[in-house]
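Each remark here refers to the structure printed beneath this line.
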Amino acid sequence: MRIHYLLFSFLLVLLSPLSAFSKKVYNAVSCMTNGGICWLKCSGTFREIGSCGTRQLKCCKKK
């Protein structure tokens, strides 16, 4: 039964980096790394995933 605890902890360690993708982007380099573009306003085919360092610039990514 102890192997179940080991496998469960191993699974948690493997899946924990996946939660990092749900965090907002706050600078232009992170925006481009995540496949986004810095624009003033996201158009209809794009969704906002964060900001590019200022309040005016939004990091937009295709839906």
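Glycine too: its Cβ is placed from the backbone N, Cα and C atoms.
If you look up Swiss-Prot, you'll see 1-20 marked as signal peptide.
Taken from Swiss-Prot, the feature disulfide bond covers C31-C59 (among others), and the record attributes it to similarity to another entry.
Taken from Swiss-Prot, the feature disulfide bond covers C38-C52 (among others). Neighbour density for C52 (disulfide bond): within 10 A of its CB lie 23 other CB atoms from the protein chains shown.
Residues annotated as disulfide bond in Swiss-Prot: C42-C60 (among others). The Cβ neighbour count for C60 (disulfide bond), using a 10 Å radius over every protein chain in view, is 22.
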In three-state DSSP terms, the structure that C60 (disulfide bond) belongs to: strand
Integer Cα-Cα distance in angstrom, C59 (disulfide bond) to C38 (disulfide bond): 5
